[in-house]
Amino acid sequence: EEAVFLRKKITLLRAFSLLIGSMVGSGIFISPKGVLKNSGSVGFSLVVWFACGLLSMFGALCYAELGTRITKSGGHYIYILETLGPLPSFLFLWAEFFAIRPANSAVVSLAFGRYMLEPFFAPCAAPVPAVKLVSLLGYYMVLTLNSWSVTWSARLQTALSVVKLLALALIIVPGMMLLAQGHTENFQDAFDRQSLLLDKLPLAFYAGMFAYSGWFQTSFVREELVRPERNIPLAVIVSVITVIVGYMLTNISYYTVLGMQDVLASPAVAVSFVQRAFKSLISVVPVLVALSCFGTMNGGIFTFSRTLFVASREGQWPPLFSMIHIRRHTPLPAVMLMFPLVTAMVCIGDIYHLMNFFSFSRWLFIGLATLGLIVHRHRHPELHSPFKVPLFIPVSFTIICLFTVAMSFYSDPVNISIGCTMVLSGFPVYYLIIHRQISTRCHYLTHKLQLLLEVVQQEIKTY
């Protein structure tokens with residue numbers, strides 16, 4: 001009896017929670033090891049963390065302007081489509097679906113499983129099969145919730161954002177107390193130039209940027225945001241500043257309590273920190289960290305389903321995935337599509353190899369999206385944007401992204417070559433199917449799935 005479309009249910013508080021909930025997840029609890037290992041010293045690792053935060057702020061400001069210029073949901077995909085054209089946007093979609101998103105979701109899911117089981121097996125490491133089983137159960141729970149209700153997914157994200165900030169506070173406070181008491185021995189020779197690994201710095205940046213990744217999430221749900229012209233820039237600026245401060249203090253606390261060698265030797269840095277700092281909370285902090293990862297999984301599913309939804313609506317993905325459940329008003333087919341690939345990557349993947357594997361493709365296309373902002377400004381100088389950043393911000397961010405991507409071929413040629421091959425494999429698919437608009441002759445199957453899932457096309461344009 002009522003129109004079927006995606007409602008505007010993302011308020012400023014929910015937008016802020018979506019960003020915080022997506023950024024503060026597994027990254028700050030697993031990436032410190034990757035950043036330290038590839039930067040070579042405590043001091044340089046802290047420089048990398050701050051530089052990644054500053055770079056994230058530049059990227060977030062670029063995306064905030066893109067979100068006020070381009071009124072459609074879809075994030076990276078729609079920005080590349082509207083500014084650089086259909087081929088690069090389809091290559092992004094291809095790489096995002098088959099490499100970037102499932103690998104990213106697998107990393108977060110494995111971190112969730114590891115921290116969830118850590119209190120039950122400490123001081124030993126949790127069995128790998130058990131970690132992967134719990135990881136998949138957590139992912140399937142989030143998948144079910146996003147299929148069921150947009151409102152409850154958003155409420156869960158708000159609640160878990162509070163949990164994430166509490167988990168960071170429990171790490172920051174004891175570390176700052178020890179530092180105030182004069183425990184600075186772990187910062188002696190913090191900038192040891194002999195240990196600096198210039199060829200590995202791109203991998204250190206990948207690990208750091210993975211921890212910050214999520215600052216672009218509001219761009220995926222632009223059509224569902226209340227007052228997007230005001231709320232996108234406001235939510236982005238406040239959330240990124242909050243996370244930069246939190247991450248810097250968290251890393252200083254790690255090094256104050258653990259030291260360089262302990263961080264490198266730890267399979268779960270936050271758990272090792274708690275074991276050293278206060279054993280009374282040994283079973284509490286890992287659970288808080290696991291809940292943080294749970295929130296990141298929720299934010300990832302919530303946003304990427306909108307990319308598939310928009311791509312289908314634009315004619316670059318099968319039409320079934322632009323349909324909405326008639327009662328729940330969720331993009332059910334788009335939400336459900338990812339679980340086979342994520343399941344496969346969780347079963348066969350390793351966290352750090354997966355991180356390098358998907359980071360190449362992700363930062364390549366983020367760099368192209370901000371390049372698209374420069375192109376869009378040049379092509380449409382008459383277009384008024386309620387939020388506009390200085391030109392040097394998108395220019396510098398684009399150059400850094402593309403330079404880091406190029407350098408990573410030298411740092412980790414195997415995983416980066418796999419990621420590059422995955423992107424290039426989309427070329428023949430585009431020219432054979434999308435560009436030539438060859439019918440897939442699957443209308444009968446689409447109709448049957450439509451009846452089974454109780455989904456229909458969106459009835460009202462929200463952009």
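First residue shown is number 1, and so on along the chain.
Using N, Cα and C of the backbone, Cβ positions are placed for all residues, glycine too.
Taken straight from TrEMBL:
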TRANSMEM  12-30  transmembrane segment
TRANSMEM  42-64  transmembrane segment
TRANSMEM  76-100  transmembrane segment
TRANSMEM  120-142  transmembrane segment
TRANSMEM  162-183  transmembrane segment
TRANSMEM  203-221  transmembrane segment
TRANSMEM  233-257  transmembrane segment
TRANSMEM  277-297  transmembrane segment
TRANSMEM  332-354  transmembrane segment
TRANSMEM  360-377  transmembrane segment
TRANSMEM  389-410  transmembrane segment
TRANSMEM  416-434  transmembrane segment
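The stretches the transmembrane segment (42-64) and the transmembrane segment (162-183) do not meet in space: the count of Cβ pairs below 8 angstroms, excluding pairs fewer than 6 apart in sequence, stays at fewer than three. Between the transmembrane segment (360-377) and the transmembrane segment (416-434) there are 3 or more Cβ pairs closer than 8 Å, counting only residues 6 or more apart in sequence, so the two stretches are in contact. Taking Cβ pairs closer than 8 Å, the transmembrane segment (120-142) reaches residues 105-106, 109-110, 112-114, 267, 271, 275, 282, 290, 293-294, 297-298, 301, 339, 342-343, 346-347 in its own chain, all 6 or more past its ends. For the transmembrane segment (233-257), the partner stretch with the most Cβ pairs below 8 Å, chosen from 162-183, 203-221, 389-410, is 162-183. Residues of the same chain lying 6 or more positions beyond the ends of the transmembrane segment (162-183) and with a Cβ under 8 Å from any Cβ of it are 20-21, 24-25, 28, 246, 249-250, 252-254, 256-257, 270, 273, 277-278, 281, 284-285, 288-289, 291-292, 295.
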